[in-house]
Every structure is written in structure tokens, then in C-alpha cells.
Amino acid sequence: MAAFPKNFLWGAATAAYQVEGAHNEDGKGLSIWDVFSHLPGTTYQNTNGDVAVDHYHRMQEDVALMAEMGLQSYRFSISWPRLLPNGRGEVNEAGVKFYSDLIDTLLAHNIVPMITLYHWDLPQALQDEGGWEVRSTALAFEEYARLCYSRYGDRVKLWATFNETIVFIGHGYITGSHPPSVRDPARAIQACHQVFIAHALAVKAFHEMNIQGDIGFVNVLQPHTALTSSPEDRIATELADAIHTHWLYDPVLKGHYPEALLAQTQALWDVPRFEPGDDELLRNNICDFIGLNYYRRETVVANPGDTQIASNHNGEPNSGAEFGFKDLFKFVRNPDGVYTDWDWEIWPQGLTDGIMMIKERYGDIPMYITENGLGAKDPIIDGEIVDQPRIDYLQMHIDAMEKAMAQGADVRGYYPWSFIDLLSWLNGYKKQYGFVYVDHQQNLTRKRKKSFFWYQNVIATRGQQR
Ligand code: BGP
């Protein structure tokens, strides 16, 4: 195999709430996840990120492992309430220092930091004022972004504002399975609008402060395939593309919503409601790059009836994965598909197709694959973590990414999810993704998995051996 370009970044990703722990230490304020995960029955076996994998206290050890693996870039998120316990105003210097030390440690090992400003842990204080449904949260986000630029912008060149709006808005305001547990599509659309405004304000601030680097947005990349060739299923698939993809990508890459859908939501529910200047703000602040999180595709059918939303959070295969909107579309199991234990279809070709779809719709936008990985219960054989299925999964997806690059897509980096085993939001610690195993029975001791050594070699050979 040919080597990847020299400046291609081989990375790995995590997010603050899923690894850090220290949820109430050194002046950190509470986030909506600190509060939500403590409500009985909200997460798998009531797991939470109070301690997570204790990365906050073991940062040096974790970065040493990254360096040993040869990692070239590390994507992590900042906990907003660790920096601004009330969401705005008073700064918690101990929190600022934690990330400053992390960045310095990464750079000392030649690891390029990529920061995600928002990976779902909104300060609870802002939620209490209305959360993403009110404009004041978008303004607080700009203040938080400016703080991060001023403290880290001298050393960090890759920034993303938001991670996967479809997930935190969709689950927060439609299915109700994430905080703030609302079930109201109209409120979801308005909250999503404030997120786009917050993003645009943060991009504007980035340029005003003359930060030398690139700023982007991270979205789920989820190709949709019609189950049958019937006209009904085809239309349903187009609707899924419009709602789950175009609605989330157009505002940050084209600077406006898809017109037809916007006209429909405004006629139906009078949302999103624009404030004066919103149009221009979106139009003038599009992204330098787009981050793509790819795990699976969805198979789509028409949905004349109601959908019982059933999600698999226990890792028992075939225990349910259905989602849909009445009269629009529904996601169903592909009878020919290969699935993980959590009922996510493994479909590497979807990564090629997805990247090419983005290129076709948005032109030559630089892309990073900001997440991709296999959630599994890793086998331990004679004390070794033999996660061969993860190696197979990643290898097939690197192949798929390479195919898209060969067709001209400007993909600049690959960040498997995740560097280390961590908390899966609703699925606890049982669903593992990492190159590094964390022993929850033995004081959170770290152990290198088989995939650690495999990825080390992939990086060392620039993808030639995989
Ligand atoms: C993405 C999130 C990550 C991560 C990953 C795996 O949606 O950005 O934070 O959790 O999915 O999902 P899960 O943990 O549900 O398996």
C-alpha cells in the first residue's frame, strides 16, 4: 500500500466528561451531565463520569502512552464549567491550568492538539437559565470561546466549536434521553438555531482575535440507504438526508438552512425564529474545515405510523434500534447487515460514500475524520486484551477513507474513537472503544491492547502497513 501524505495527522479522540472525572474538584462547576447522570435510571446501571477514567489526575501518564503509540494529534474537549463554573463571569484558574498543562505536555511530545469547545457538558447554571433555547447561552458560549482562544490560542491551531449537534439536540430535545430530557421537535429546532448562532459568534471571535489556526464544526456523518426501491422508501430516505444531514451541515458550510425544509418548519411550528442579524452572522462565518464522526449507516423506510423509539444500551445484540418521525421516515435493521452488539451496522463503504457526498455538496472543504471506532466487549485472553475486531474495523475504515482521498477528497487526519476506554454516555463502561484498557477492578490501571501496537505500526509506516 502507498503511504499517506506526510502532513496527514494520525490521531485519536476523547471528550472531557467521558475521561476526566474530578467532577467537583479544584473549583469546577457542575455540568448538565453531572446532574443528569445522578438522576436514577437515566444511564446504563446508573453509571456516571464522577471519576470516569481519572484522566484529570493521570494526564501525564496518559500523554506518555499517546507518545509511546506515536500519536501525531490528540482531539480532546474542554469542560466549560471547569473554566467558567457559572458558565460566564468568574474564571476558575485551576481549570485553565489543567488544559494549559495538557497542551504543553502534548506539544513537548510533538502531538498536535485539536480542541473541541463543546462536547455536551453545558454548565448547569446556564441550563437553569434556559440552556440552548435562549440567546444568552449563545452569548455565554462566545465569552467562553474567547477565554479559550486567549489562553490557548498561542499554542493550539485546530479548533472545533461543537460536537454532533444532531446528538445532543436530538436526544436532549426529541427523544429525551440526554439532558434536558425534553420531547418537543419545535423546541429542538429553536435550540439548534441558538447552537448555530453560538458557533458563528465563536468563528467571528476567532477571526477578530486573529488566532492563527483553523476553526471548524464536528458533525455525525450518517449515510442513509433505502431498504427497498419503492418510491415511498426513496422519498423517506431523501427526507432523512435533509433532516439528519443537510439541516446540520448547510448552516455551517453554506451559511444558511436548506430553503425548502426551512419553509416547512417555519410554516408548521414557526421555528427557527431569527433575530435581526442572524442571517448575516451565519452567512459570514462559515467553517475552515468540517469534522466527520463516522460509525454506521442507517437503513430507511417510509413511516406512516408511530415509532416506538427503542435503543440498545445494554449490549445485548438485537435488543432494539429504531428511531423515526411519524409520516416522514424510520430507521430499521438491515436484514443483510453486519452489526455490533449495540446494533450499529458495520459498513465501511459508508465512509467513502459519506466523504464523497460531503465533497459533492460542499465543494473542496478540508475534512478530518474526527471519530470512528468500534464499541465492543473486548476479550481478555491470558491477561492480554485481544481486540482483533477493533483492528479489523479500523483497518477497513482506513481503506474506505483512502478510497475517498484517491477520488480527490481533502481528508487531513484520522482520529479513531477513542484513545482510551472511557464512559459511554448511556452505555456505561461496558462498551469499550480504546487502544488503552482501563481496569476498573484494579485502581483504573492502564494496559495496552493489541490494537495499541497495531495502530503504533500504522502510524510509524504512515498507513502503509495496516
Ligand atoms: C459519538 C460521541 C462520542 C462517543 C461516540 C460513541 O456520538 O461524540 O462522545 O460517545 O459517539 O458513542 P457511544 O458511547 O454511545 O457508543
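Using the three backbone atoms N, Cα and C, a Cβ is placed for every residue, glycine included.
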Name the residue, out of Trp247, Trp417, that TrEMBL lists for the same substrate site as Gln18, His119, Asn163, Tyr295, please.
Trp417
Centre the Cβ atoms of Gln18, His119, Asn163, Tyr295, Trp417, go out 8 Å, and tell me which other residues of that chain have a Cβ in range of the substrate site.
Ala13, Thr14, Ala15, Glu164, Asn293, Glu371, Ser418
Starting from each candidate's C-beta and looking 10 angstroms out, tell me which of the binding-site residues Gln18, Asn163 has the most other C-beta atoms.
Gln18
Just checking, which of Glu164, Glu371 (active-site residues) has the fewest C-beta atoms within 10 Å of its C-beta?
Glu164
Taking DSSP three-state, what's Gln18 (substrate binding site) in: helix, strand or coil?
helix
